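> For reference, TrEMBL lists these features for the protein:
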- 419-441: region 'Disordered' (REGION)
- 12-30: transmembrane segment (TRANSMEM)
- 36-57: transmembrane segment (TRANSMEM)
- 69-90: transmembrane segment (TRANSMEM)
- 145-166: transmembrane segment (TRANSMEM)
- 229-249: transmembrane segment (TRANSMEM)
- 271-289: transmembrane segment (TRANSMEM)
- 301-320: transmembrane segment (TRANSMEM)
- 326-348: transmembrane segment (TRANSMEM)
- 360-382: transmembrane segment (TRANSMEM)
- 388-411: transmembrane segment (TRANSMEM)
Amino acid sequence: LGGVFKRTLAQSLLALFASSLAISLVFAIIPLCHNVVVLAVVMAVAGLAMGCIDTISNMQLVKIYQKDSAIFLQALHFFVGFGALLSPLIADPFLSDTNCILANGTANASSNLPHIRKSLVPHHPGNLSHYDLPMKGMVVTRVSYAFWIMALINLPVPIAVFFLLYKERMVPCFNGSSHPLLSADELALETRPGDKDELSTAAPRPHTAAAHEDLFSCCQSKNFRGASYTYFAVHVTGALVLFMTDGIVGEYSGFVYSYAVEEPLSVVHKVAGYLPSLFWGFITLGRLISIPVSYRMKPATMVFINVVGVLITFLLLLIFSSSVVFLFVGTASLGLFLSSTFPSMLAYTEDILQYKGCATTVLVTGAGIGEMVLQLLVGSIIHDRGSYSFLVCGMIFGCLAFTFYALLVFFHRMYPKPSPELDEASPDKAAVPEDTGQYQR
């Protein structure tokens, strides 16, 4: 749905404002939900808002900076990883180590919690029946404060977006006195300094209102006329690479704890709990490192290093599957290689397509579906086949990611070079720097 709001900067900023404000409201409401159906609806709203933010933020950075977008995409995804690392630390002081429901026998039940935690591995669900936990009584928990703190931390984001809307004269009631931060032409000159002279002498191109009013124009059949099969193949193979790599992020962070506490590793539960944090910590570190690296290295090269690194790491994890030390080393290595895959793939694919088509929307959607589907798939396989299948699945997904990347490179070589004689409506047409229509108000 985020792709619907891509046509103008005003639409994108309004969608970002609504989505970021919705997240603060959702976090404030979650502790007040005493019905699972209401909670499910609230969480669905949060998912929609986060999906829109993910798509629009990536899309606008690609539109504004185009050839230079790789650096800004790396910076964007560094903060994604930083948030994923920081939020559990905020919630941790408010989580209880004992049962939150006070009733007769609570003390005994609380003492059994370590055993209950151990029984929560996927293929031993029956052991839960050995321990009786009170389901009724006075609820004592401070976890609500964690949600409210996160709601307050997020609140400056919609405020900042609203301020940007105000400064860009996009708020209907407040557009009289404020001056825009940068005009569309100035922004184009600032972001593409090498083309400054060319832009200053270029003739202005007319823009029709219909081109910006039609929210689904990139999906219309008329825009696919004259497009080669490689145009579609680049979209599909790029999305499949992210389907696999983002799916690996989801399944590894979700199941590495369960894998570690099972035989043959049998890691202590508290130590195993550090593995997801280590994974996300190195994802964040890798994205920070990728910001200066992406200035020197092409996105295609970075994606190649990433997928090969993931493949080698899973291979070594399988070979040294009985080593606890290498599990920690492999977890850090995997986080490092997966860190910059998404922004590098996005920059690479958009560069192939000359910043035309629906690449960002397709890639973000493919990544989101992969993160959802592969977690469900791996969870069911671990339940049936045991914890060792966790690494086997990762190895298979890594091989598939490398295969799809190889296909993407092949289709890139087959993709027709941009030509000035191409029809204006064709999605194969090269991006024209002076076309700043996406900034129209």
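The backbone N, Cα and C atoms fix where each Cβ goes, and this holds for glycine too.
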> Do the transmembrane segment (12-30) and the transmembrane segment (388-411) share at least 3 Cβ pairs under 8 Å, sequence separation 6 or more?
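Counting Cβ pairs under 8 Å (6 or more apart in sequence), the transmembrane segment (12-30) does not reach the transmembrane segment (388-411), since there are fewer than 3.
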> Counting only residues 6+ away from its ends, which parts of the chain sit with a Cβ under 8 Å from the transmembrane segment (271-289)?
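For the transmembrane segment (271-289), the list is 74, 77-78, 80-82, 84-85, 88, 249, 252-253, 256-257, 260-261, 327-328, 331-340, 343.
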> Please identify the stretch among 36-57, 69-90, 229-249, 301-320 with the greatest number of Cβ pairs below 8 Å relative to the transmembrane segment (388-411).
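The stretch I would name here is 229-249.
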> Which listed stretch (69-90, 145-166, 301-320, 326-348, 360-382) has the most C-beta pairs under 8 A with the transmembrane segment (229-249)?
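The stretch with the most contacts is 360-382.
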> May I ask you to check whether the transmembrane segment (69-90) and the transmembrane segment (326-348) make contact, with contact taken as at least three Cβ pairs under 8 Å and only pairs 6 or more apart in sequence counted?
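As far as Cβ distances go (cut-off 8 Å, pairs 6 or more apart), the transmembrane segment (69-90) and the transmembrane segment (326-348) touch.
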> Could you tell me what the rest of the chain brings near the transmembrane segment (145-166), counting residues at least six beyond its ends with Cβ under 8 Å?
10, 13-14, 16-17, 20-21, 23-25, 27-28, 30-31, 87, 90-91, 94-95, 174, 178, 181
> Per the definition of 3+ C-beta pairs under 8 A with sequence separation of 6 or more, do the transmembrane segment (36-57) and the transmembrane segment (326-348) touch?
no
> Near the transmembrane segment (301-320), which residues from the same chain, at least 6 beyond its ends, have a CB less than 8 A from one of its CBs?
241, 245, 248, 290, 293-294, 326-327, 330, 333-334, 336-338, 340-341, 344-345, 348, 391-392, 394-395, 398-399, 401-402, 405
